[in-house]
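Features reported for this protein in TrEMBL:
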- C149, H152, C220: Zn(2+) binding site (BINDING)
- 1-26: compositional bias 'Polar residues' (COMPBIAS)
- 78-255: domain 'GTP cyclohydrolase I' (DOMAIN)
- 1-40: region 'Disordered' (REGION)
Amino acid sequence: MKRNGTSSSTPLNGQAMNGVSLNGNPMNGKHMNGNGLNGHHHDELIDEIGDEHGAASIDTPMRPDAFDLDDDTKIDLIEEHFREIMSILGLDLTDDSLKGSPRRVAKMYVKEIFRGLDPANKPAPTLFENKFRYNEMLVEKDILVQTYCEHHFVPIIGKAHVAYISSGKVIGLSKLNRIVEYYSKRPQVQERLTVQIADELKKVLETEDVAVIIDAKHLCVSTRGVHDVNSSTITAAYGGKFDEEATRQELLRYIGTSNVTI
Ligand SMILES: [Zn+2]
């Protein structure tokens, strides 16, 4: 790609803006204006919503046509748009280090960090009969959580503790990790992630006796905004017997946070 004959050579200003279409949106703009929160005077409100990290619904908000495009098409389109974002920032996309970034980011979004948006990637539950008649609490603790704040698109990293009391079905232990991972690979708010994991476990295990606790650090809190590197956020969803104080205390003892009031 030629640079219109300019002699500019610094990586930050050498990228010509022409050739990057700002209105050539392949989705024809029809899905890009849904919330009406455009314009500078809404910036403050948008910042406030983001920093409060409120979620509007338990289901991840998706459009009905979310999967009309296949993954390869999505990667191509995101690559194009991310190139545009980098270009608007003034970065030189002909630079050897930068030129592959739009495609890398696009593949990472679709195939890795947001792959949990697609129900086709949902782990199939492997259930076993509870042959040992083990009907005490089972706790899988310290499951790695790596998800992404839907308000800032930066990571939320922490751990999940998942517990259930068998109703006759037992799930493979690794499936607990897989379920946590699946719902994590989405733009998320921590409260919704916690409830989505709990709801899935209730459905799969056919019991209300499920608990999910997540303790995580938000990079949007530590690396920007208030720059609080020490705080973490704890969320919990308790169902069935976990609503009872004794059962809940037993769980908290197992995971070693019995001194925390949740
Ligand atoms: Zn955030």
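Including glycine, each Cβ sits where the backbone N, Cα and C put it.
Counted within 10 Å of its Cβ, the other Cβ atoms near C220 (Zn(2+) binding site) come to 19, all protein chains included. Residues C149, H152, C220 make up the record's Zn(2+) site, and a Cβ search at 8 Å around their centroid adds G50, H53, Y148, E150, H151, F153, V154, I156, H218, L219, V221, R224 from the same chain.
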